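Asks: Found this in TrEMBL, in case it helps:
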BINDING   SER102, GLU172, HIS200  Mg(2+) binding site
BINDING   ARG327, ASP341  ATP binding site
SIGNAL    1-22  signal peptide
Amino acid sequence: VKHSKCLLLPMFFLLFVQDAVCTLNTLQTNASALEQIRQGRSNPQLQLQAMIGFIERSGLTVDKLDNLNIIHVTGTKGKGSTCAFTERILRNYGFRTGFYSSPHLVQVRERIRINGHPVGKELFAKYFWQVYGRLFETKEMNSETMPAYFRFLTILAFHVFLQEKVDLAIIEVGIGGAYDCTNIIRHPWVCGISSLGIDHTQILGDTIEKIAWQKGGIFKPGVPAFTVKQPEDAMRVLKDRAKEIGCSLQVCPSLVDYDSDCVPVTLGLAGQHQLPNASLALQLSHAWLKRKCLLGEKSVNVVQLSMKLFICVCCDLGLADTEWPGRNQTLKHGDITYYLDGAHTMRSMLACVQWFKETAAQHELNASGPVTRVLLFNSSGERDSAAMLKLLVPCHFDYAVFCPNITEAIASCNADQQNFNVSVDYMLTRCLDNESSWRLHNSSPQDQVSPQRLIGDAPCLVPEKNAETLVFPCILSSLQWIAQGKDSVLVNPDKTQLPVKPSVMAKAALLREATEIHVLITGSLHLVGGALKHLDPAMSI
């Protein structure tokens with residue numbers, strides 16, 4: 001009997017975790033409600049106060065968060081990479097790290113990491129039900145409600161880190177800063193701001209000054225803060241915010257400007273745009289270590305450690321070892337090379353294009369025959385996808401493939417990647433708009449034709465002519481068509497293949513004849529995550 005129970009235990013935990021994720025998804029705001037919120041947002045200060053109420057109902061207090069020794073990081077681009085660099089540096093110094101980030105790529109557990117790894121399934125389920133139970137039990141008192149998805153995960157992360165007794169917690173802001181739910185943190189050890197740009201304008205404002213004001217809201221009195229070089233108007237606002245709040249603000253030098261005798265710095269993350277992120281991570285880590293030493297809590301000789309020597313140590317132990325999936329990531333599956341980058345703003349797309357051009361060109365130098373280039377693209381929200389697609393035109397793709405952020409068209413166990421914030425109709429319409437934008441950028445008016453439905457009865461629209469553009473109903477069907485049977489991971493019997501009309505298969509001649517296929521997957525981190533679910537099965541374990 002005991003043996004039978006042992007065999008059933010893994011299945012029990014699997015169901016327990018899936019039940020937790022499905023329950024978590026009920027906290028997502030549906031599309032219609034979200035639109036109402038956008039049109040008439042309530043007082044953001046009251047929303048922050050509500051977060052404190054949720055924290056207390058969960059059994060935590062704001063005072064307890066002081067025990068997490070927090071590094072708080074915001075920015076428009078690069079904040080996740082900065083956190084990843086910082087986490088790796090401090091973990092390599094022997095500290096037990098907690099790291100909270102968003103969004104996740106494949107599994108929601110990725111958002112809450114202990115020592116660089118997603119919190120285990122058993123621990124996730126255990127802590128989820130502890131927090132959810134406390135909140136649910138108190139929701140009827142004084143007409144209280146349940147926290148929304150991101151708020152709940154933020155509370156859960158704090159709970160996990162406290163229970164697991166991490167030495168520090170690196171907390172990435174969700175959106176903005178001043179009124180982000182992570183900003184209930186009162187006494188972080190150090191704050192950081194990565195590169196600023198225009199994004200989330202409906203929430204943060206439509207100018208760089210307004211956005212900078214929001215981001216500077218994470219500054220705290222007496223807490224050191226660091227930022228990378230910013231546009232002049234943004235920097236002026238940040239300096240004013242720092243002075244108003246009462247904290248020191250320092251601008252990080254470029255990596256090449258550090259006085260170091262080390263060999264050239266090697267980063268584990270590709271792309272020139274990662275250099276300022278790495279510099280910011282060095283400053284955040286160094287500042288955190290100095291305070292740790294001054295408090296005498298751990299023996300780390302860093303007070304006397306010059307930045308020069310610190311950089312040398314971090315080059316060998318930290319920066320070069322950092323991994324952050326879905327950002328300038330390259331996966332090679334036989335004759336197919338996938339380039340994955342979740343760029344979704346104009347600035348990040350420029351960086352993505354530069355990285356792809358350089359990296360793909362290097363790979364193509366070693367190709368023994370013709371190489372076919374494919375773009376797999378989607379974008380979501382308020383972003384100007386037409387402008388981003390225009391930036392991608394010089395990459396000279398043979399095909400441009402579009403699909404919604406739907407992992408598989410056929411229902412399966414995808415609770416981690418369900419998104420109720422947008423409707424399926426909206427996602428499909430957005431794909432058709434993207435397809436039209438690409439054709440406008442690449443075709444003369446007389447070449448443009450109306451798209452026709454060519455893939456069975458699935459909600460898939462592709463043009464009858466102009467074979468370089470296709471629209472598929474999901475990420476898996478897109479990848480399978482692009483691979484044309486050349487990627488064994490995608491022809492796995494567990495992965496259902498949608499029927500494709502002969503007329504659509506005929507468009508794949510270049511793919512079948514190519515010696516190598518190079519696929520750039522970009523425009524959305526959710527798209528990249530859905531692709532990684534199929535391309536890197538280890539991420540689903």
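A Cβ is built for glycine as well, from the same backbone N, Cα and C atoms used for every other residue.
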Asks: Nearest to ASP341 (ATP binding site) by Cα, among SER102, GLU172, HIS200 (binding-site residues)?
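Replies: The smallest Cα gap between ASP341 (ATP binding site) and any of the binding-site residues is with SER102.
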Asks: How big is the gap, in Å, between the Cα of GLU172 (Mg(2+) binding site) and that of ARG327 (ATP binding site), rounded to a whole number?
Replies: 16
Asks: If you count other C-beta atoms within 10 angstroms, which of the binding-site residues HIS200, ARG327 is the most crowded?
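Replies: For the binding-site residues HIS200, ARG327, the Cβ with the most other Cβ atoms within 10 Å is ARG327.
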Asks: Show which residues of the chain containing SER102 (Mg(2+) binding site), separated from it by at least 6 in sequence, have their CB under 8 Å from its CB.
Replies: ARG111, PHE150, LEU153, GLU172, GLY174
Asks: Within 10 Å of the Cβ of ASP341 (ATP binding site), how many other Cβ atoms are there?
Replies: 25
Asks: Quick one: which residues besides SER102, GLU172, HIS200 have a Cβ within 8 Å of the Mg(2+) site's Cβ centroid, in sequence order?
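Replies: Nearby residues not in the site list: LYS79, GLY80, SER101, PRO103, VAL173, GLY174, ILE175, ASP180.
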Asks: Using the alpha carbons only, what distance in Å do you get between HIS200 (Mg(2+) binding site) and ARG327 (ATP binding site) once rounded?
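Replies: Per the Cα atoms, HIS200 (Mg(2+) binding site) and ARG327 (ATP binding site) stand 20 Å apart.
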